[in-house]
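Student: Feature table excerpt (Swiss-Prot):
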DOMAIN    1-138  domain 'Globin'
SITE      Tyr29  site 'Involved in heme-bound ligand stabilization and O-O bond activation'
BINDING   His85  heme b binding site
ACT_SITE  Tyr95  active site, charge relay system
ACT_SITE  Glu137  active site, charge relay system
DOMAIN    152-262  domain 'FAD-binding FR-type'
BINDING   Tyr190, Arg206, Gln207, Tyr208, Ser209, Val385, Phe386, Gly387, Pro388  FAD binding site
BINDING   Gly274, Val275, Gly276, Ala277, Thr278, Pro279  NADP(+) binding site
Amino acid sequence: MLTQEHINIIKSTIPLLESAGPALTQHFYQRMFSHNPELKHIFNMTHQKTGRQSVALFEAIAAYAKHIDNLAALTSAVERIAHKHTSFNIQPEHYQIVGHHLLETLRELAPDAFTQPVEEAWTAAYFFLAQVFIDREGALYLERKQALGGWRDGRTFVVREKQVESAYVTSFVLVPADGGAVLDYQPGQYIGIEVTPEGSDYREIRQYSLSHASNGREYRISVKREGVGSDNPGLVSHYLHNNVKVGDSVKLYAPAGDFFYVERERPVVLISAGVGATPMQAILHTLAKQNKSGVTYLYACNSAKEHTFAQETAQLIAQQGWMQQVWYRDESADDVLQGEMQLAELILPIEDGDFYLCGPIGFMQYVVKQLLALGVDKARIHYEVFGPHAQLAA
C-alpha cells in the first residue's frame, strides 16, 4: 500500500534521480537484458542503441516521482503507455521483472541513499503504478477481444498487396489468414507487427500507423525504409521492404494508440512531414467518408520523389474541396513552396481549429512553436511521436 510517508520519501529522492539522469535507465536496461535476455524479443533493441528509450523511461520515472501526490496529472501518459504496451503484448509477469531490476539499479547506483525506508517507498510506489498499468492494459485487451473482429494475442495476417508510395515508403495491405473480420480502429492509431528478420536472434515487434480508414476487412500500413545509406539501417523496415512479399504471413497485435481524430464541430488542420503522412492518410480517408468540410492538409518533405501519397491525397482533396499546401525542402515544383513550412503565411483556423501533427520530432517542435506563437490553444494541438515519446513544448 502506498502511504503518505512513502510519497514524502519518493519526493525527497527527486534530486537523486535528477543527478543520475538517463544514466540510471541505461544501467537498468543493461542489467535487465543481461539477466533476462528473453525480453529482447519484446523491446525494440534499436531504440536501446540510440538511447531514446533510456531517455523516455527516465523522463517517465521522474514525472511519476514529481506527480506521485497528484496522479491525475499522469492520466494521459498512463493511457499512452498502456496502449503502446498492448501493442507489444506486455503481460503482468513482465512488471515483476522490470520492478526487480529497477529497484536493484537504484541500490547499485546509490547504495548509501538506498536505505530501507527508501527501498520500501520505491517498492510500494513501483508496484502501485504497475497495478495501474496492469488494470488498464487488461481492460484494453478484454475490450478488443470481445469486439467484432477482435483478438487477444498475436493473429496471423497475409500480405494481399504491396504498393510503392514514394522513394522510401511502401504500403502493405494485410488480411486475416482465418478469413474473419478485423477489429475497427480510430484513424491515427497503429498496429504492432511481429517478424523475425533474417540474421536476427530475436523476434522483432514494431508499431506502424494504419494508413487508411477502418473498413472491418483489412489493414493497410505504410512503412518507411529507415536509415537508408547509414551505418544503422532499420532492421524491420528493410526486412519488410526487401523480403516480405505478397502471400507472405506476419503476426499482428490489435490496433492501439491514444492519438486519433476526434469528431467535433471544428475545422481540422492536418500537419505532417515525411512518413508522418501515414496516420494523416487514415484521418483524411475517414473525413472524406464523413464529408467533413473545413479541412486543411499541410505536408513537407525533401523532394517530389519523397512525397508520400501525393496522388492519393490530391484526389481526396480535389473531391472534397479541401485546402492543401505542400513544401519541398530541396527543390521547387508547381503548386509547391520551397523551404521550411511557414504557417504565418497561411490562413488557418487559429481560434477554433483542431491541429493534428506527425513527423520527425524536430519538425513537430518547429511547428508547435509556430502554432503557439500564432495563438493556437495548446489543448487543440494533438501529435504522434514515432518511437519513444518526447515532449514537444513545455
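Just so you know, glycine gets a Cβ as well, placed from its N, Cα and C.
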Student: Counting Cβ atoms within 10 Å across all protein chains shown, which of the recorded positions Tyr95, Tyr190, Phe386 comes out on top?
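Tutor: Output for this query is Tyr190.
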Student: Should any of the recorded positions Tyr29, Glu137, Gln207 have a Cα within 10 Å of the Cα of the residue listed as 'heme b binding site', which are they?
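Tutor: The recorded positions passing the 10 Å Cα test are Glu137.
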Student: Among Gly274, Pro279, all listed as binding-site residues, which has the most CB atoms within 10 Å of its CB?
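Tutor: Going through Gly274, Pro279 one by one, the largest Cβ count within 10 Å is at Pro279.
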Student: Near Glu137 (active site, charge relay system), which residues of its chain come within a Cβ-Cβ distance under 8 Å, counting only those 6 or more away in sequence?
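Tutor: Once residues fewer than 6 apart are set aside, Glu137 (active site, charge relay system) is near Ala82, His85, Thr86, Ile90.
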Student: Within 10 Å of Tyr190 (FAD binding site) by C-alpha distance: pick out those among the recorded positions Tyr95, Gly274, Val275, Pro279, and say none if nothing qualifies.
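Tutor: Within 10 Å Cα-Cα: Pro279.
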Student: Starting from the Cα of Ser209 (FAD binding site), work out which of the recorded positions (Tyr29, Tyr95, Gly274, Gly276, Thr278, Pro279) are within 10 Å.
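Tutor: Checking each Cα against Ser209 (FAD binding site), the hits are Gly276, Thr278, Pro279.
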Student: What count of other C-beta atoms do you get within 10 angstroms of the C-beta of His85 (heme b binding site), across all chains shown?
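Tutor: Excluding its own Cβ, the number within 10 Å is 20.
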Student: If one looks at the chain holding Ala277 (NADP(+) binding site), which residues at least 6 apart in sequence have a CB under 8 angstroms from its CB?
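Tutor: Result: Ser222, Tyr299, Thr308, Phe309, Thr313, Cys358.
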Student: Can you name the residues of this chain that are 6 or more positions from Thr278 (NADP(+) binding site) yet have a C-beta less than 8 Å from its C-beta?
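Tutor: Val169, Tyr208, Ser209, Leu210, Ser211, Ile221, Ser222, Thr308, Cys358 - these are the non-local Cβ neighbours of Thr278 (NADP(+) binding site), listed in sequence order.
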